[in-house]
């Protein structure tokens, strides 16, 4: 009687695993352990290291075997292009100027007598000896904002001063205007003609016999006489346009 003999074939022969992978023989199968940078059943597929976007700030990623490389944008450095290049390391500012590092740029603060981006140009004699530096657009805009605010404040102050002066003049003019009551003579001479005619038409014709001289005497004394013994009634007085006053009873009796 013969025993059943099971023989296993070596699937790792002839070396199905590629790129230095390790082959493990299994029952009617095999398994490959890939080296870094490789994948697949036979470790024959390259791993794309750029799939994780390791390069920063717009850099270009180049996939290599089991690695990658980054081509950095201007102003950046490092394996992943995440380090800013200090442009001041190259000492671009001349003649003792102060260098300020910026992103992919630099700024020079020149000493008196020098100008230019790198402070390598002598300032002209017509310019005042002062420090020169690269002015950003933001600083230029702020300058115009401050100028506008200053002009607005100036106009507001001038307007307020003008209003105060006008009001003060009006107050002084009112104070200097006399407000005394009119005397009887002023009231008499400022009568409205229509009122005088109304009084004259109301009085009887015989009561209009006051002479103009008697009217003037009454106006000068600001009082009416008690008696009119010397009053004469003439045709001239009756036709006079001067307003007359009603005579007392004694005077009217004499006229009658």
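Numbering starts at 1 and runs along the chain as it is shown here.
Including glycine, each Cβ sits where the backbone N, Cα and C put it.
TrEMBL lists transmembrane segment for one of the ranges 96-119, 120-143, 144-167, 168-191, namely 144-167. Around residue 81 (disulfide bond), the C-beta neighbours below 8 angstroms that are at least 6 residues distant in the chain are 55, 56, 57, 59, 70, 71, 72, 73. Residue pair residue 110 (disulfide bond) / residue 34 (disulfide bond) shows a Cα separation of 61 Å.
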